[in-house]
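What Swiss-Prot says about this protein:
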- 20-315: domain 'SAM-dependent MTase PRMT-type' (DOMAIN)
- His33, Arg42, Gly66, Asp88, Glu117: S-adenosyl-L-methionine binding site (BINDING)
- Glu132: active site (ACT_SITE)
- Glu141: active site (ACT_SITE)
Amino acid sequence: MTETNKNVDALEKINQMSSADYYFDSYSHFGIHEEMLKDEVRTLAYRRAIINNRKLFEGKVVLDVGCGTGILCMFAAQAGAKMVIGVDNSEMLPIAQKIITANNFDKTITLIKGKMEEVVLPVDKVDIIISEWMGYFMLYEGMLDTVLYARDKYLVPGGVILPDKASLYITAIEDQDYKEEKINYWNNVYGFDMSCIREIALKEPLVDVVQPNMIVTNDCCILTVDIMTITKDELKFRSDFKLKALRDDLIHAFVVYFDIEFSKGDKPVCFSTGPKAKYTHWKQSIMYFEDHIKIQQGEIITGTMDCAPFDKNQRDLKIKLDFNFAGELMKSSSSLEYHMR
């Protein structure tokens with residue numbers, strides 16, 4: 001079978017995939033890649049980190065973990081990499097091969113379909129690993145585990161990973177209107193009691209955009225990740241936090257977001273997915289709780305967050321959040337559990 005016929009068959013396979021197929025291979029759907037590529041904060045940060053650090057890439061062997069459409073592979077080739085290897089396990093890979101060929105990078109870029117843990121690379125070691133591994137809540141989908149596997153098996157001593165640093169933050173917001181729409185709506189649906197769904201909705205973090213004027217407290221870093229050194233076990237974390245009210249208001253939810261840093265090379269790059277930063281497709285993760293907190297400026301909420309993958313599905317996150325508040329107007333404490341899926 002010719003390479004052209006293989007690519008045509010790949011297109012036909014994607015066209016025939018059902019919604020059930022997409023559930024297990026969601027990254028085969030071009031719409032997901034369109035959303036990520038059109039996220040200019042994300043894509044331009046990677047391009048700047050690679051293209052503007054040509055000295056880092058010239059003559060090097062580069063591995064892209066989860067290469068998708070191959071966009072990062074092509075950035076690396078443009079930056080002068082000697083060889084770029086892209087690995088992906090979705091049905092998008094043959095389409096990525098067409099893209100690579102159409103842009104005349106097929107002599108530099110080699111794409112391999114399969115799981116990173118199972119494929120055989122054409123080299124023993126690589127100089128640089130690039131990957132867009134972040135999910136909602138930063139750790140959702142568990143792809144960072146795969147990057148760490150590739151690091152431990154393939155990265156040369158003194159090699160580089162991009163991005164190489166990440167930080168996870170928590171803050172608290174006033175959000176009465178949206179809580180009514182998304183959570184309390186289920187108490188009365190066309191006259192019917194559907195409050196059992198409300199209980200489920202409260203346990204699932206909502207991925208959405210938080211407006212800056214909704215923020216009531218400062219933010220607090222609950223996890224810092226150095227991808228060069230962190231272990232898989234350290235991604236299961238327990239962290240204390242302290243949030244201070246910036247004004248008198250009500251609090252209806254906690255919000256989690258992350259920052260990413262490409263610190264290597266002559267021109268470091270960073271971006272934030274926080275409410276005060278420019279929109280990204282990751283948005284923010286909102287965790288509502290049953291009641292609300294009436295807080296005054298300067299008062300403190302203390303708490304602890306535990307986060308780990310679910311045993312049955314390592315892509316999902318199990319999040320436990322305990323908080324205590326003793327203000328002048330009210331006291332409140334709660335132990336909350338969430339399922340990010």
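Cβ atoms here come from the backbone N, Cα and C positions, even for glycine.
Projection of Swiss-Prot feature records onto the structure.
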residue : record                               : CB count, 10 Å
His33   : S-adenosyl-L-methionine binding site : 18
Arg42   : S-adenosyl-L-methionine binding site : 20
Gly66   : S-adenosyl-L-methionine binding site : 21
Asp88   : S-adenosyl-L-methionine binding site : 23
Glu117  : S-adenosyl-L-methionine binding site : 11
Glu132  : active site                          : 23
Glu141  : active site                          : 22
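Of all the recorded positions listed here (His33, Gly66, Glu141), Gly66 has the Cα closest to the Cα of Glu132 (active site). Taking the C-alpha positions, the distance from Glu141 (active site) to His33 (S-adenosyl-L-methionine binding site) comes to 16 Å.
Taken together, the residues of the domain 'SAM-dependent MTase PRMT-type' (20-315) have an average pLDDT of 95. Summarising the S-adenosyl-L-methionine site geometry, the residues cited as binding it (His33, Arg42, Gly66, Asp88, Glu117) extend over a maximum Cα to Cα distance of 26 Å. His33 (S-adenosyl-L-methionine binding site) falls within a helical segment according to DSSP. DSSP assigns Glu117 (S-adenosyl-L-methionine binding site) to coil in the three-state reduction, placing it in neither a helix nor a strand.
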